[in-house]
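Pulled from TrEMBL:
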DOMAIN    230-375  domain 'Oxidoreductase molybdopterin-binding'
DOMAIN    400-475  domain 'Moybdenum cofactor oxidoreductase dimerisation'
REGION    465-493  region 'Disordered'
TRANSMEM  12-33  transmembrane segment
TRANSMEM  71-90  transmembrane segment
TRANSMEM  102-118  transmembrane segment
TRANSMEM  124-147  transmembrane segment
TRANSMEM  159-177  transmembrane segment
Amino acid sequence: MSRFRVQVSNALPTLVVGLVAGFTAVVGSYAAAGFTPSFVVTPVTNWIRETSPAVVTNSIIENLGSLGQTLLFLSAVALFVGGIAALVVGSRSLGQRLNNRALPVVATTAGTWAFVALTTGQPLLALGAALPPGAVVLLFVTAPSLPVPEAVDSRRRQVLSSGVALAGFSLAGYAVGQRRTPDLGGEPLAENSKQQQLLQGAAEKSFSMDGAEPLVSENFYTVDIANVDPTVDESEWNLTITGEVDEEVTLGYSDLKAMESVDRFETLRCVGEDLNGKKMDTALWTGVPLQDLVARAGPNGDCDCVRLRAADGYYQVFPMDALEDSLLAYGMNGNALPRGHGYPVRALIPGHWGEIQVKWISEIEVLDQDAEGYWEKKGWHGTGPVETVAKLHAVNDLDDGRKEVGGHAYAGVRGIQQVEVSTDGGSTWNAAELTEPLEGIDTWRQWRYRYDPPGGSHEVVVRATDGEGRLQPSEESDSYPSGATGWVSKTVQ
Ligand SMILES: Nc1nc2c(c(=O)[nH]1)N[C@H]1C(S)=C(S)[C@@H](COP(=O)(O)O)O[C@H]1N2
Ligand SMILES: [Mo]
């Protein structure tokens with residue numbers, strides 16, 4: 001009985017100490033690396049994602065969106081902290097058996113260091129993760145054991161002061177880590193008067209509707225496989241054109257900037273979004289034509305296909321033809337690309353789903369044989385042309401008693417010819433107003449329809465016709481595997 005009690009009370013604080021040690025390792029790693037791929041949580045999230053079944057990752061990343069990323073992040077933290085706690089508990093009990101107090105300290109420090117150094121490839125920064133848990137275990141094993149009557153009170157004091165120290169350490173680590181997170185991208189392009197003018201024009205064309213983005217999105221969505229975006233400085237960025245080529249070509253950022261640039265509006269849409277989802281946005285992009293650069297290398301592969309690779313390990317494969325009119329973009333809305341949208345350089349392949357718009361691009365590989373891209377390996381077919389869609393996001397009451405419904409319509413390079421609205425569940429249709437097209441070859445249009453409400457609840461349905469005269473298909477399908485289809489409808493009161 002008493003033996004049992006001793007063991008439990010022995011094990012419990014060690015587990016708590018282990019969890020605290022693990023937590024300080026996370027804080028220490030963040031302080032050393034900032035929010036970069038060298039922060040230990042990055043490789044752990046990558047590992048969880050790549051070893052989880054495709055159905056799980058598909059729904060986490062594509063459907064849960066940023067919440068999924070948060071869950072993934074928290075489970076990575078939990079896994080890492082749990083691993084260190086296990087290391088502390090295990091080495092502590094071994095140390096007790098061998099009567100060696102240094103063992104858990106050394107094992108925790110060395111074990112954490114080795115793990116972080118190996119997974120991040122940053123042995124020096126890994127010290128930031130390894131020293132704090134080592135120190136926690138050292139304090140624990142060297143703390144004087146107290147006689148029983150005094151133990152309760154002084155343990156309470158110990159717990160309290162440890163808690164305060166831990167909170168202080170966390171706050172300081174967080175502050176240091178934030179300062180060490182590089183601030184990359186997003187600054188205004190040196191010469192951006194032309195872009196400002198184009199943006200001004202787009203603002204004038206926009207319908208202003210509550211509930212729907214203007215023609216140039218204010219909040220451009222992001223979809224990332226990785227939890228932490230790569231940190232590639234423009235000074236160290238380069239792009240290599242490799243594989244089945246006559247001669248490899250390597251380009252740096254200044255090479256791109258020295259070429260004649262193109263400015264163009266372009267819409268991106270994620271194949272994984274819901275039919276009426278919000279992962280479809282438009283920006284003004286600045287970059288250089290990509291096809292000429294690939295031609296320079298003399299591609300001679302047998303499949304007429306290419307694989308684009310990126311700094312986060314992402315890759316996509318698609319036919320060479322798709323490179324026609326594609327851009328290597330370094331600017332977004334008159335600024336350098338923000339880090340989250342691929343700073344310093346991303347690909348823009350007109351008419352195709354968002355997934356082939358590879359961010360943080362590092363390599364273009366000309367292939368001999370067709371291969372699967374990152375998402376295709378998980379069962380998606382997101383490399384083809386986009387589906388036609390008209391979304392319904394704005395439902396507003398106008399001052400004059402009429403209703404206003406509106407949103408965006410998009411059909412890739414086919415363009416949008418017409419949007420029709422039904423306010424009686426699809427029995428009768430009326431043409432909606434459309435915004436003037438933006439300067440680009442792959443852009444959405446806004447649509448708007450104002451009407452006298454019939455009184456009471458009614459069903460609004462919307463459908464688009466693309467520039468080739470094809471009506472948006474009415475058959476409903478899920479986004480998986482090749483994009484949601486159907487007509488968006490909404491019950492309006
Ligand atoms: N390197 C890299 N490129 C990427 C991704 C990624 O995870 N890594 N996600 C793709 C997907 S699925 C989409 S929909 C678009 C989204 O681009 P955005 O984040 O700029 O909106 O980027 C694509 N390019
Ligand atoms: Mo996507």
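Using the three backbone atoms N, Cα and C, a Cβ is placed for every residue, glycine included.
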- Query: Taking a Cβ cut-off under 8 Å, which residues six or more beyond the ends of the transmembrane segment (71-90) line up next to it in the same chain?
  - Reply: 11, 14-15, 17-19, 21-23, 25-26, 40-41, 44-45, 48-49, 60, 64, 104, 107-108, 111-112, 115, 133, 137, 227
- Long-range Cβ neighbours of the transmembrane segment (159-177) (under 8 Å; 6 or more residues past either end): 20, 23-24, 27-28, 30-35, 39, 132
- By Cβ distance under 8 Å, which residues at least 6 away from the ends of the transmembrane segment (102-118) in the same chain are close to it? 21, 25, 29, 40, 83-84, 87-88, 90-92, 94-95, 125-127, 129-131, 133-134, 137-138, 141
- Message: Under 8 Å between C-beta atoms and at least six residues away from its ends: which parts of the chain pack against the region 'Disordered' (465-493)?
- Response: 58, 62, 271-277, 353, 379-382, 384, 386-392, 395, 403, 405, 407, 411, 414-420, 423, 425-426, 453, 456-459
